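Sequence annotations record features per position, and here Swiss-Prot assigns signal peptide to 1-19. The annotation domain 'Ig-like' is assigned in Swiss-Prot to 20-117. Summarising the annotation, Swiss-Prot assigns region 'Framework-1' to 20-44 and lists similarity to another entry as the type of evidence. What Swiss-Prot lists as disulfide bond is Cys41-Cys115, and the listing cites sequence analysis. Annotation source Swiss-Prot lists region 'Complementarity-determining-1' at 45-52. Positions annotated as region 'Framework-2' by Swiss-Prot, on the basis of similarity to another entry: 53-69. The region 'Complementarity-determining-2' feature in Swiss-Prot is assigned to 70-77. Among the features that Swiss-Prot reports, region 'Framework-3' is placed at 78-115, with the record citing similarity to another entry.
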Amino acid sequence: MDWIWRILFLVGAATGAHSQMQLVQSGPEVKKPGTSVKVSCKASGFTFTSSAVQWVRQARGQRLEWIGWIVVGSGNTNYAQKFQERVTITRDMSTSTAYMELSSLRSEDTAVYYCAA
């Protein structure tokens, strides 16, 4: 498995005191270096259009690393400089889903990726 490695995406969930806020992410992905991956984060239980969705990742034994965010209502994005050339964060308001696409994958991109709102 020299050229195949796993990028793992977990289910993220958040619970509010008086509401059921939930973010459900797409499942595990196995990709080859040089390809791209697009993962999703579906929101429910809160007003998606009034939120911002953040994406972070954590490689084994490393600290959380911020990738970027999108303001859902306006579509404005902000990316960490490290990922500027390789990441695109989008959203689909009709399905309350945010997406993070990472291109030109490298072995160093092997990590657990999380969304948060």
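Residue 1 is the first one shown; counting continues down the chain.
Using the three backbone atoms N, Cα and C, a Cβ is placed for every residue, glycine included.
Small disclaimer: the values here were computed from a predicted structure and weren't measured.
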Mind checking which residues reach the region 'Complementarity-determining-2' (70-77)? Cβ under 8 Å, same chain, six or more beyond either end. 48-53, 89-91, 93, 98
So, by DSSP, how many helix, strand and coil residues make up the region 'Framework-2' (53-69)? 0 helix, 11 strand, 6 coil
I want to verify one value. Collapsing DSSP to three states, which class is Cys41 (disulfide bond)? strand
Restricted to the domain 'Ig-like' (20-117), the mean pLDDT of the model is 92
Taking helix as H, G and I and strand as E and B in DSSP, count the residues of the region 'Framework-3' (78-115) in helix, strand and coil. 6 helix, 18 strand, 14 coil
